[in-house]
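A short write-up of the structure that comes next.
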Amino acid sequence: MNTVKTVLELRAAVARARSEGKRIALTPTMGNLHSGHAALVSKAAQRADFVVASIFVNPLQFGPNEDLATYPRTLAADQEKLLQAGCNLLFTPGVEEMYPHGMADQTLVSVPHLSQGLCGASRPGHFEGVATVVSKLFNMVQPDLAIFGEKDFQQLAVIRAMVRDLNMPIQIIGEPTVRADDGLALSSRNGYLDEAQRAAAPALYQAIRQTAEAISAGEQDFETLLNSKKQQLQAAGFRIDYLEIRNADSLRPTTAEDPDLVILAAAFMGKTRLIDNLHLTRG
């Protein structure tokens, strides 16, 4: 596995692979990798001949009171995980490489509607930052396919819409959330949790799963169901950002007729914001 830091080096390496007829996959990350990231890269290696991963902590997607400065940078450990997972090329640009003209006047990519509400409501500008950096990476690499985790369900929806609307010839693949044995979705931010918080954190997925089970059993009073689960989460020590049931395709509020639903949640355990979701198809 080679590691490059400049767009010029990245494009040269990708061009060599493409000239050899290789199918190219991209997995963008912010580093501090866990086994969920490794699973994405392994899936990419199964679907493509040449796997590119990126590590870039993108300032554009962090709000003023978020953890940009403290987000863990663990490059050496990340390189080892990527190598073991089957990555061929790692791109680790600095901020000046990604935004050479500064961020104040950077052209931005905005995906309306899907970027609003849910995480977009509590993190203004977040998805604009995500869409912008991912579109830049797509232009730099021009992959045949890109793989993202379904844990960030709204982010995946935003990227799918961006690719569709901007006619990018890239296949977007969502991979199921990787979980710890107790159900907690793997996240780089889980490392912020202390021992007691980590023990309580699986209650988030439990509430989501119980919501899905109730709907599958025929429950139609979503408001009462969600209110009871919010109380359950608060009792477990969470401060709730949102817990909602949406149409899985449009992320609009669901109707009784929607066959394809997603239950989405974001909540704080101490100072750590955790997100999770569960996709549900009603027969």
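Glycine residues also receive a Cβ, built from the backbone N, Cα and C atoms like all the rest.
What Swiss-Prot says about this protein:
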- 30-37, 149-152, Val178, 186-189: ATP binding site (BINDING)
- His37: active site, proton donor (ACT_SITE)
- Gln61, Gln155: (R)-pantoate binding site (BINDING)
- Gln61: beta-alanine binding site (BINDING)
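Overlay of Swiss-Prot annotations on the structure.
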{"residue": "Met30", "record": "ATP binding site", "contacts (Cβ under 8 Å, 6+ apart)": "Ile55, Phe56, Val57, Asn58, Tyr71, Ser188"}
{"residue": "Leu33", "record": "ATP binding site", "contacts (Cβ under 8 Å, 6+ apart)": "Thr74, Ala77, Asp78, Lys81, Leu82, Ser188"}
{"residue": "Gly36", "record": "ATP binding site", "contacts (Cβ under 8 Å, 6+ apart)": "Gly149, Lys151, Thr177, Val178, Ala185, Leu186, Ser187"}
{"residue": "His37", "record": "active site, proton donor", "contacts (Cβ under 8 Å, 6+ apart)": "Thr27, Thr29, Lys81, Ala85, Gly149"}
{"residue": "Gln61", "record": "(R)-pantoate binding site", "contacts (Cβ under 8 Å, 6+ apart)": "Gly125, His126, Phe127, Glu128, Gly129, Val130, Val133"}
{"residue": "Glu150", "record": "ATP binding site", "contacts (Cβ under 8 Å, 6+ apart)": "Leu156, Gly174, Glu175, Pro176, Thr177, Asn277, His279"}
{"residue": "Gln155", "record": "(R)-pantoate binding site", "contacts (Cβ under 8 Å, 6+ apart)": "Cys119, Phe127, Val130, Phe148"}
If you count the other CB atoms within 10 A of the CB of Ser188 (ATP binding site), including all protein chains displayed, you should get 18
One finds that other Cβ atoms within 10 Å of the Cβ of Val178 (ATP binding site) number exactly 18
